[in-house]
Each structure stands twice: as C-alpha cells, then as structure tokens.
Amino acid sequence: MECCSLLRTLVHRYCAGEEDWVDSRTVYVGHREPPPGTEAYIPQRYPDNRIVSSKYTFWNFIPKNLFEQFRRIANFYFLIIFLVQLIIDTPTSPVTSGLPLFFVIMVTAIKQGYEDWLRHKADNAMNQCPVHCVQHGRLVRKQSRKLRVGDIVLVKEDETFPCDLIFLSSSRADGTCHVTTASLDGESSHKTHYAVQDTKGFHSEEDIDSLHATIECEQPQPDLYKFVGRINVYNDQNDPVVRSMNTFLIVYLCILISKALVNTVLKYVWQSTPFQDEPWYNRKTEAERQRNLLLRAFTDFLAFMVLFNYIIPVSMYVTVEMQKLLGSYFIAWDGEMLDEGLGEGPLVNTSDLNEELGQVEYVFTDKTGTLTENNMEFKECCVEGRVCVPHAVCNGQALPDASAMDMVDASPGASGREREELFFRALCLCHTIQVKDDDEVDGPQKPRDSGKRSAYISSSPDEVALVEGIQRFGFTYLRLKDNYMELLNRDSDVERFELLEVLSFDSVRRRMSVIVKSATGEIYLFCKGADSSIFPRVIEGKVDQIRSRVERNAVEGLRTLCVAYKRLVPEEYEGICKLLQAAKVALQDRDKKLAEAYEQIETDLVLLGATAVEDRLQEKAADTIEALQKAGIKVWVLTGDKMETAAATCYACKLFRRNTQLLEVTTKRLEEQSLHDVLFELSKTVLRCSTSLTRDNFSGLSADMQDYGLIIDGASLSLIMKPREDGSSSNYRELFLDICRNCSAVLCCRMAPLQKAQIVKLIKFSKERPITLAIGDGANDVSMILEAHVGIGVIGREGRQAARNSDYAIPKFKHLKKMLLVHGHFYYIRISELVQYFFYKNICFIFPQFLYQFFCGFSQQTLYDTAYLTLYNISFTSLPILLYSLMEQHVAMDTLKRDPALYRDIAKNALLRWRAFIYWTLLGLFDALVFFFGAYFMFENTTVTSNGQVFGNWTFGTLVFTVMVFTVTLKLALDTHYWTWINHFVIWGSLLFYVVFSLLWGGVVWPFLSYQRMYYVFIQMLSSGPAWLAIILLVTVSLLPDVLKKVLCRQLWPSAIERVQTSRFVSGPPLGSHPLASL
Amino acid sequence: MAMNYNAKDEVDGGPPCPPGGTAKTRRPDNTAFKQQRLPAWQPILTAGTVLPTFFIIGLIFIPIGIGIFVTSNNIREIEIDYTGTDPSSPCYKCLSPNVTPCICTINFTLDQSFEGNVFMYYGLSNFYQNHRRYVKSRDDGQLNGDPSALLNPSKECEPYRRNEDKPIAPCGAIANSMFNDTLELFQVGNASDLMPITLKKKGIAWWTDKNVKFRNPPGTDPLEERFKGTTKPVNWVKPVYMLDSDEDNNGFINEDFIVWMRTAALPTFRKLYRLIERKNDLHPTLPAGRYYLNITYNYPVHSFDGRKRMILSTISWMGGKNPFLGIAYITIGSISFLLGVVLLVINHKYRNSSNTADITI
C-alpha cells in the first residue's frame, strides 16, 4: 500500500496534482539533454510528424483490403458459398458465385486503391510542406514530416501550424500571438495566446539556440482546449543552498588539486635524493623507467587526484536529492495543513525548494482569494444616496422573504422608487452571468430557492454576489434566452429585455455596459464599474452622497462598484450600432478602435447608485501575517483592488498597524508633485528612520520602532520602472528599493498581473538577492508565482491554475505559517547540516590519506582497504545522515509556530555561511589529524600486542578507519536533537554494520579477490588491548572540541533557537519569547 | 482586480474541484511518522549535562593513563644499532660489499635483568615497505599454495615475476628483499665464557597467516618437488624450500618470511625476529650483564640511508614500550577535568544571571 502510493506520488509529482493522469511526457527543447544534476528523465521515443490519413501501404494493400471487404456480411456469405462449392460436389459450378464475387471484390479494391492513392498524395503534400526550424542558431527548412518532438519551429504570419506547438516567444514585444482555430473547431475568431514567461525574451535564432529547457506535460488528450505542462528552463541557480554547495565544492576541488599538486611536487623533491626513488629492494619495471619525466609527473598527479577524489562527496548530490524527494512528502502528509472544507491538503509540485522555504525574506501575496476568502457577499447598496441593506444575510443565501430590506434613510418618493427599481434592474441586466442549464428546465416557473447558488456561473464572483444580492431585493435574474434577458420583478412578473449589445469588461476601462431594450421599447445603456471610471462620466445623480458612501465602504474593506445608466433614443442607438460595427469589422487596430468606440458610448451617464460587496478575510490571515512579520519576513500585498479597499484589508489583517506611518506613492499624489520629489522626500523620511534604527539597536530597544508602510499604485510603479530618457533608469528603482527595504509592509494596489511579476523581479534581482515567495490563487497571480523563487498557489475558488503553476499549493493562506516557520525551518536546518556534514566526513576520510603520503614516499599508497574506500560513503556513513536530514527537529514544532522570531536565526543562509563552513572544515581537519597521528604514535616503532607480534600497514589503516567511522557517526549523534527509534536504529545499526562487515570481510579468504590483505586484520586489531584504548581515546579527543564549542556557544552566546531549547530543557516554560531574558 | 473578469483568460478554466469525491483519497494518514510526531528523546548538550561527562572522563582517563604509563615504564627494552656507519663500529667493515660473508660482533650490557618472555626484534629505518609499488608486489594466490599462480605469478610482481624464463617463487619485490641478516645472542658468563641464548623461531607470525593465508603448494612430495619449475628470488641465496630444515617452518610457511611479508605501516619499523622464552621463575630470562650480539651482515641498507637495529624487549599486556598512550590518556583526562571546572564556573555564573533575568520578567 505504502509502496503503491509512493509510486503514484512519484508519477504525479510533475503532473501538478491531476488525479486521473496516467503518465506525463518530457520534451527536450531543441533536443538538448538536461544538465547533469537535475532530475533524470527517461528519454521517451516519439513518433515523427508524418500525417497518415491513408489506410493502406503498398505492401499490405491486398491482404488488408481483402480482409476489410470480407468483413462485410454479404461478401463473406458469398465467399463461404464459393468455398463450399469448391469443396463438395454442388449442383452449380463454383464459377457462378465465384465470378461475380471476384468481380465485386476487384472493383471495390480498385476503387479503394485509387482513393487511397489520392490520400497518399494529399498526405505527401502535407508531409513535405516546408517548415522553418531553428537548429544550432540557424533557420533551417525542413519537411513537415521530418519534424521531431522537441524541434523549435518558426511560424510566420498566416501560416498553418505543422504540429502541436508550445508558444515560446513571438515577434511582438508583449509576447502574444493571435491564433485562429478554424481548422480544428470552426471558430474563426482570433484567440490571444501568451508566450511562456521564461522564454518570451528569446527573440533571435541565436537566443533560441541558447535556450536550455525541458517541458513536462501530459500525454495527448482529446480535450482540445486543455493543456497542462511545465517548462523547466535551466539557467543560473539562485538557490542559496545550492549556491553554497557549489562554492564549497569548488573550495574542496581546490583543496583536492592543491593536495595532489603538493604531493606530486614533494614526491619529486623527495626522490631527488639518490636511491630514494628506486632503492635496491623496490625496482621499477623497465617500462616505468623508460617513461618521460613529465609524463611520469603527470601520471603521478593524476594518481594523487584519484587517491584523493573521495574528498568531493559524490554521494552528497544523491543524498540531497533523496532528502528533497522524501522530505517533501512530509509537507504533503501534514494533517494540520489539510483543509476540512475543501478536503484537500497541500500539494508539492516540486521538491527542489524545500529548504528555500526556510530562507524566505519577501512574501508577495495576492489579496483577493488569498488573504480573503473570495467568497463574496453582498453587503449593501446605495441608491440615490439612500443605503439599503439586505435584511437577512446568511452566508450568501437569501431568505425566501424577498421583500425584506431595511431602508436606512427615509422612505423614497415616487421618483426615487422608480430610480431604485431601475437600479435593481440595472444590476440584474448588466453582467455576463450564465445560468446553469439543468436548472433551466424548470427554472422560470419555479421560484428559486436556496439551491440556486450554483446556478449562476460567472468568471467574476462579484457579479454572482451582486445578482444574488439583488435577488433579496426582489429582483431575480432568470436566464438569457434567444437574446432576451428575463428577470422576475418584485411582483413575480417576468420582465423581458432584449439584449442589444454587451460592451464587455476590460481592466483598462474597468467597467462594462449593456444596451438593452425593454418590453416597452425603451432602450437603456446600463454601465457598471469602478468608481474612478464611472464618476468622470456621470452628468447627473447624487454624485457626492454616493461618492462619500463609496469611500466609506472602501475604507471598510468592501469592494465597491458604481452603477449608472443612460436612456437612448433610437437614433442614438443607431449611431452607436454603426460605431460599434465599424470598430468590430476593422482589420487593423481593432482593439484600439473598439476601445475608442466604448469611450464614446459610455458618456453622459446618470448615476444610479453603488454597491458594496464584502470579501471576508480568511481565517487566521491576520495571525499569519503577524507571525511572518515577526519572523523577519517582509510581506507585500499586490492587488488589483483600489487603494482604499486594499488598505482596509491590510489594516484588518494587521499588515498595517495603528502606529504604522503610511507613505504613499499614488497617482493622486503624483499629480501634485513630481515623481522625483515624492521619492526623495520619502527616502528622506525613511532614512531618518533607518539611522535611528541603528542607534536604537545599540540601546536594544528596536522592537518598538516607528515602522513604515508604503502604498504604491500600478500607475506610479510603471513610472518608476520606466527607463528614463536620459538613460539613468536605475536611479528611481534604486531609490524605490531603498524606501521599500526600510518599510515593514508594502501595499501595491491597482496592479496588472504583469506588474506583479515585475515587482517580484525587481526585488528578486536587487542587491541582496533575497529569496522571494509569491502566493496567490488566481490566474492573474500566475505570472508572479512563476517569477518568485518559491511560488505558492492557494487552492482556491478562482480555478486551479495558480495551484498548478506553483511549486507548492496550500488550501488556505494560514497554512503558509506552518509551511515557512515549521517546514521551511526544518528543511533548512536539515539540508544545511547535510551539506556541512558531508564535507566534514569526507575531509575526515581523505585527510589522513593525504598525511599518509608523507610516510610512504608519496607513492599514492592507500591507507584504507578498497572495500572501506568504496563503502565509507555508500553504506557506513550514509544512512544516519539521510535519516537525520529527514527526521531532525531541533526545536519542537509547536515552539517554532509559537515563536516566529526563531525563523530569523536561519535567515540569510546562516548555517551555510563561510564561518560555519570553515568551522566544519577545521573540525574535519582536526579530527583527521587526531586519527592519523593518534594511530601513528601508537604504531611508531613498537608492538601493541601482548604476544609481541607486529601489525602491518593495513592494520594501521583499519585503526584509523575504525576511529573515523565511530567519530563521524557519533558526531552526528551529538548533533541529533530528535532521537526517534529510527535514529537509534540507524545510528547504532550502521556502527554495528561496520563492525560486522569488517569481521566478515577479514574473516574469510575471499576466493574472488586477488589479494588477501585484510585477512584477519580487523580481528587481530581487536585482540590488542591498546587498540581498544586508542579507539576510545581518539574518538573522545575528536569529539571533545565540538562538544566544548557547542556548550560554550550555548552558554555564552546563545542563539534564539538555543535559548528556546535550553529553556525547555531547564525550566519547562519557554523563555524564548523574551529575547532579552538572559542578557 | 476589482472585478476578476480577467480570470476568463484561464486556459483550463474548469470549475474548481467539488469538495467530497476526491477528498478521501487526498486525506493523508494520520500516523505519527507522517506527522513528524514520533515519540522522541530530545537531548540537548548544555553545560549541565556535559559537566558530569567531563568529570567522569577525567576521573576515568587519568587512572587509566597512569596505569598504562607505569606498565609501559616497567617494560625493559634495549635497542642496538648495528648499521655500522660509524667507523668505530665493529660492523663498519661490512659496509663494503666485497666482504662476504661478513660477520661482526657487538657487545652490550644489560643494566637490569629482563624477566618473563623476551622478544627479539630487528628494526629498519628509512625502509619504505609501505611504498605502493612495493606493497602490491606480491601474489597472495601463489603464497596460498595455488599451483597455477605458482607457475604463473600475478603481473603485480613485475619486475620480480620471472627470472630466466622461470617463474619466481615467491614472486615480487617484498619477497625479493626479505631481511636476511642472522642475529645470534651470547651471554658473557662470569669467566668470560660465551653462553649462547636459545632463540625460538616459531610463534613470531600471526597464527592465521601461518595456518591459513600462507600455504605451500599442495602435495605429499618433498618441498623441492612441489616448487619444481620455479626459481628463487633474484636476491636470495637459497630457494624458498631451503629456508629452514624444519618441514613445518619451510617454504612459504617459514615464519621469518611470513613476518617479512606483512608490510609495515611506516618507514621506521620493527619486526619480530625471535622469542626468548623464560626458563623458570627463579632466574630472569636475561640477567643483567654483558652480552654479545653476533651478526651475519648480509642486508644492505647503507645505499638508501637506512639503519638496522636489534631490539630486545619484554612485553606487557599492552605490548611493547610505548609511553604515548599513557601520556595521552593522562593529558586528555586532565584537560577534560580542567574543562569541567571551567564549565562549572561558567555555568555557575550563567545560572546566576539567568536567575536574575527570570526575576526581572
């Protein structure tokens, strides 16, 4: 069962969580193998791109065609008859039935053959159709059938796609293209497609040639509109752990080479004294003697390299990969991150980033659906300055009492009532909601009741909330039938409006309109949109009252929309029709022309009122944000909402506190001041703060600092990001970054999806190269999720696209807390120990070998037996560290959650910095010296057995090795803070395994070995008392400094983590929340 | 994003998965292992826990060290260098290769008597028995009595594999350079008469080497027959089957040979040469007095600046004289005791400060 699920999860790891996928395929872009060190893929065989619509080939025509023909009952019947006639003596000659049958078959075969020949011809034409491919940086023409999976194809305008393609980049600057799918589904409209974010910058053939990526995607499937895949572009890694690992590796490589060089040089220096190189007892062979000195030196150098090569921990990568793979299961298994409502737990789409979760410095979060529930609830509407609140609000479900409402203001007059009804009608009509079909069967007759929530489908939850809210005021939208919108008014009459035009929503206009014709023949234009885009177009209505109400609502964190209308006389409508028609048929700049037309139409409106929809905060969102901030993570909210709404949400979730001083860079402010002035002013304010911050750090009171919050909107941001004419584009950016760095929270509102990614990129590539995390739930967050180092998708209501494109998906925002503070922390601690320990144990392993060269005439004699050399990393010391890296919990999970400040302890790659690395390396060197010289002084010119017999070089090596295995394993045991039975089993088990293996290895004359040098060496060693004493002594000495360092550091300069550990150990209740406690 | 219309761009925009249905399959098992909540012992190295360990280490190591040190000091050992590089040395004449056989005698005095079994070693210096080319230059199959390896030794033995078209037995550089000085010991009696001291040849090699690892070629014929078709190592005077008259100590299982074949770890080493068994409890094995060491000087070490020594040593349970272990134990014991004290002080101070901090909270 376990194995089964493991296998399944393995298969699913890259399929982004779709349950029913059987398999995925991996495509190498441009046929380039992925670089070593990445996941190993099984190369797949793909068929070529030949189109075969023909049925037969030349060879199989006769048998296959005959078979086809005789499958027809009639033919088969005649055939049987014919055969019967042949076999037995029948009244009629076989020819009588045979000839016609033969004739029919013949004719049919010829016909089919001809048809098939035509098909062959058509196929060939298609298959030989030239296609432009990019190969080795050049454009190459290929026949279509010769295309292979992985080829990079260039398609020019109005060309037909030769095969299924993934859109890498386009000649348009924004990386889009327009595609018509007429030949697939008959739809001739142009669909816009976006290039993959990572590759859209590759424009020329040379650029494309440098692209090194693989694409993992699902197998071909019948659904034309669905494609899920993942592109891995290999480029410089910014993962701090991998970066550290690589630097450490380079250091060790340098050590390796210098060791080999030193030894080679010393060897020749040593040999220069006569008779050292070739004493009489140790002659060379003739061939060796003949060899050229340089060549000899070079081979010696290589031999030393081989001898010391174990210093580069090859198995480290395997272990790291294993750790990442297996470790990621703990996230998926976490029961605390399971959402009962959704019934879903976290998803891990990649395991490469587990430890980065512990290094996050910036969190970029979406607001809607991430911080908030995205569970819209109609709160109130404001008609003509009067506020109407639905009476009974019960989680979006109306009570049957349709007329229940609460008029806050005095009851309206007659005209007011008319306006009010118009307002409700407007809301009922001005939307793009579809009504689910199955309800429609009996829908119009039956009054809808509580089950109808699912009946409305819209891409925008706001619309659904509005239409449902209006229902409570007595107006129910029924359906759109034959271009007539039907609605049920307060008196339960069905009103029908003819839908004339829909001026659909776009994010630039931020509004939408419909033009409808009522039953009485009046033509209305209803317009609904953001206040900022409606108010300027209004000429009539109680603008001020409504505006103040809208602003009030926005401050409360409600999402507001304004509704306006305009009555059109038929002539006007004619004009509008013409305008729209002209724009729609325009061949060039259609979008622009349409926008212009809309602009012209949506003017001179009469303001009806405004609506407010509440999007409730997710549970524990505030708690999570607070914890993240305490953990030293900067939280940025990136939203498309307007400033007031967003700011209110930020206050609600404690991103901004009451004492937070807000700095604003908004369009409104920029109208008054130039960007330059604003930025400089702000940076001055902030810098004052940061200087005082350093001062306060000395006095140790930085906790109660004045903290700043920055609000910036999309327009201002694009100003900042825009390169200036004089070329000094970076100026503003740097300034802006400076300001941001000193703000505890940043809110970016009115963001376009791409701007979100831009912001993430800006931070990601700023000086400190911080690790960024983006979390979001909607399609509009995908770009930032992909851009950030760690992308987290909230399995939300706006589809699963974010979850699918993310590295991790969690059901709720609150799970981010455990994800970072617990899992991230653990993974980072584990992997850094893993990396450091690997280097440590290998230097312990190889340094004695190096020292031994000084005592064996630099002859590359190994200190240890081959079996020990091989098995040291593979089996004697591998499992304990792997299990450590899976199980270690230096602090209890609950403590980590309770005390987010502990996260700061590991920030900025703390455990893999040079200091730590040098400490580990020095410790390794020290231990190696202890092993080697301990054994050296033991063996030097004396005997250590009670029968006077002597030991040889293999016993010497075995002693060193034994001490080493014990020391290295016990060192890990000292580092382990969480001893489960598995740790006990593995640590003591691997020591036991070493002993048992050595006993066995030395206990038998192995017939397959050409040498028997280890025979009884280990046992003889154990029979000597001093060897035991030496092992105990040397292990103690090796471990002593590390223990001492640990104890002293903990006592004198304890980190927050150590303090928490100690306090739990000593006094029970944690002191860690008071960082000053022990000062 | 006030209105999430742009969600329409979603390519795969299927509705979110309905709850239920898949929920059961996604629900993780609630085992302690998967939740990372296995019961665990969570030790922490604090001064408090480590302190006793330091003291215990100190208290255990120091007595052990003293014990070892005393034992080591009680061991009698005498080393006599007979290389003969010094012109005044009796063996000086043997440095020139012309004098063969060269016999020289060195006299020495034991100030104290050697009691119990006494072990006679020869020691060589600057002799790289651990040189890679040297270490591998042997054929364990041949030495184990494998008839095919006897006639066709391993390539590792080059250039000591064949001589005059005959396979060398035992092949290789190690065997070829076997130590071949003969050492004899005489006690000078009261009347200046020389009493030879019995030197036992057997029991100097590992039992397993002698009985398992090293074997003569199989057969019941005389040893000479069994080694037929092979030739002696170049530097040897006698073939391998004539190393000793004792059948049980001849051929590959000659103990001098076996001892030599166990390559030493370091360029300065000693190898067991002979045993001097104690006679009875009343007389010391080697009483104090004057002795003669008679050397048949064959083994050239001068060419590579080597030294040759003869060592007489008694043995304790822990082997020969080696002050290192005892001193190391005493040192480490003291250090850890000292560290314990230092930690105690630190711990004491720390506890005070932490206590006051606790109060201030």
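A Cβ is built for glycine as well, from the same backbone N, Cα and C atoms used for every other residue.
Every protein chain considered, the tally of other Cβ atoms within 10 Å of the Cβ of A:ASP366 (active site, 4-aspartylphosphate intermediate) stands at 31. The feature active site, 4-aspartylphosphate intermediate is assigned by TrEMBL to A:ASP366.
Residues or ranges marked as domain 'P-type ATPase N-terminal' in TrEMBL: A:43-97.
If you take every residue in the domain 'P-type ATPase A' (A:128-190) and average the pLDDT, you get 78. Under the heading domain 'P-type ATPase A', TrEMBL lists A:128-190.
The annotation transmembrane segment is assigned in TrEMBL to A:70-88 (among others).
Here the transmembrane segment (A:249-270) has long-range neighbours at 276, 297, 300-301, 304-305, 307-309, 311-312, 839, 842-843, 850, 853-854, 857-859, 917, meaning same-chain residues at least 6 beyond its ends whose C-beta is under 8 angstroms from one of its own. Here TrEMBL flags A:249-270 (among others) as transmembrane segment.
The transmembrane segment annotation in TrEMBL covers A:301-320 (among others).
Per TrEMBL, the feature transmembrane segment maps to A:867-887 (among others).
Long-range neighbours of the transmembrane segment (A:917-939) within the same chain, counting only residues 6 or more positions beyond its ends whose Cβ lies under 8 Å from a Cβ of the stretch, are 244, 248, 251, 836-837, 839-844, 846-848, 851-852, 855, 951, 956, 959-960, 963-964, 967-968, 971, 1026-1027, 1030, 1033-1034, 1037-1038, 1041-1042, 1045. Per TrEMBL, the feature transmembrane segment maps to A:917-939 (among others).
Beyond its flanks by at least six residues, the transmembrane segment (A:951-973) meets 837, 840-841, 844-845, 848, 852, 856, 861-865, 868, 872, 876-877, 880-881, 884, 927, 930-932, 934-935, 938-939, 943-945, 987, 990-991, 994, 998, 1013-1014, 1017-1018, 1020-1021, 1024, 1027, 1030-1031, 1034-1035, 1038-1039, 1042 of its own chain at Cβ-Cβ distances under 8 Å. Per TrEMBL, the feature transmembrane segment maps to A:951-973 (among others).
According to TrEMBL, the transmembrane segment annotation covers A:985-1009 (among others).
Annotation source TrEMBL lists transmembrane segment at A:1015-1040 (among others). Within the same chain, residues 926-927, 930-931, 934-935, 938, 944-946, 951-952, 954-955, 958-959, 962-963, 966-967, 970-971, 974, 998-999, 1001-1003, 1005 sit at least 6 positions outside the transmembrane segment (A:1015-1040) and bring their C-beta atoms closer than 8 Å to a C-beta of that stretch.
In this structure, A:ASP366 (active site, 4-aspartylphosphate intermediate) is part of a beta strand by DSSP. Here the domain 'P-type ATPase A' (A:128-190) is broken down by DSSP into helix, strand and coil counts: 7 helix, 25 strand, 31 coil.
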